[in-house]
Amino acid sequence: MCVKGLCLLTVLSGLAASGVLQVSGMHVYTSGDVEAVNGTDVRLKCTFQSSASINPNSIVISWSFRPLKPGREESVFHYQQKPYPPLEGIFRKRVSWAGDVMGRDASIILQQVKFTYNGTYICQVKNPPDVHGTVGEIRLRVVTTASFSELLLLALSIGGGIAAVVILLIIFVSCRRCKKKTLRQLEGNEEAPHRERKDPTVCHPGRALHLYLSETSMEIDSSDGMISEASTKDPSSSESEGPSSDEEEDDDDDD
């Protein structure tokens, strides 16, 4: 008996290792607890993993609702080759398909949720031969206003967007100013060689009193041929000087 059991175990192990014997099963994943504001739309996310390849013609997805108060379970949505929204009940014209079968997504959207939507939503997926496995559950809570964490997240998102716009605007204005300044400098450099340079000494005589032209001249006496010492004269004072010594001698002779 021990030998037979050992042989059977060896055969099963070999089959499992070769892939002939496979364990089938469906695993469904949901987001758990979800909170939504009254009158808004909410997405109920549901994804799945199957050991078998996805066959869009045979896969079946079903959503059901179990209310908080004791009551019967109600069908919410059904998918088989195409979506089938409910034709009656509290979810009529309030559910839309938001999934992708080939992407292993079985999500739906509840539109304009009401307080009567409080409860547990069950997502079940069957992909033959994977017809057994776990199911996903989402507990929805409809509230009057958003929670503080959601309001804080919304405020941070809006503030971050505004700050990003302001920063981009500042960068844009700074770049334009730098570009204009560079263009002005280039234009000034191009015009500088064409400008005539003016002599700073050419100005009105009244404004040029601080400029003096020193002239050194050597005078020769006509009587004895001697060279007189160099003298420095201010041309502006030459006209104001009195009569020369020769003119004074001529006046004495006349007398």
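Glycine too: its Cβ is placed from the backbone N, Cα and C atoms.
Taken from TrEMBL, the feature signal peptide applies to 1-17.
Annotation comment: TrEMBL describes 39-144 as domain 'Ig-like'. Mean model confidence of the domain 'Ig-like' (39-144) amounts to 93 (pLDDT, 0 to 100 scale).
Feature annotation from TrEMBL assigns transmembrane segment to 151-175.
Annotated region 'Disordered' per TrEMBL: 220-255, in sequence order.
The compositional bias 'Low complexity' annotation in TrEMBL covers 234-243.
Taken from TrEMBL, the feature compositional bias 'Acidic residues' covers 244-255.
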For the domain 'Ig-like' (39-144), the number of residues DSSP places in helix, strand and coil: 3 helix, 51 strand, 52 coil
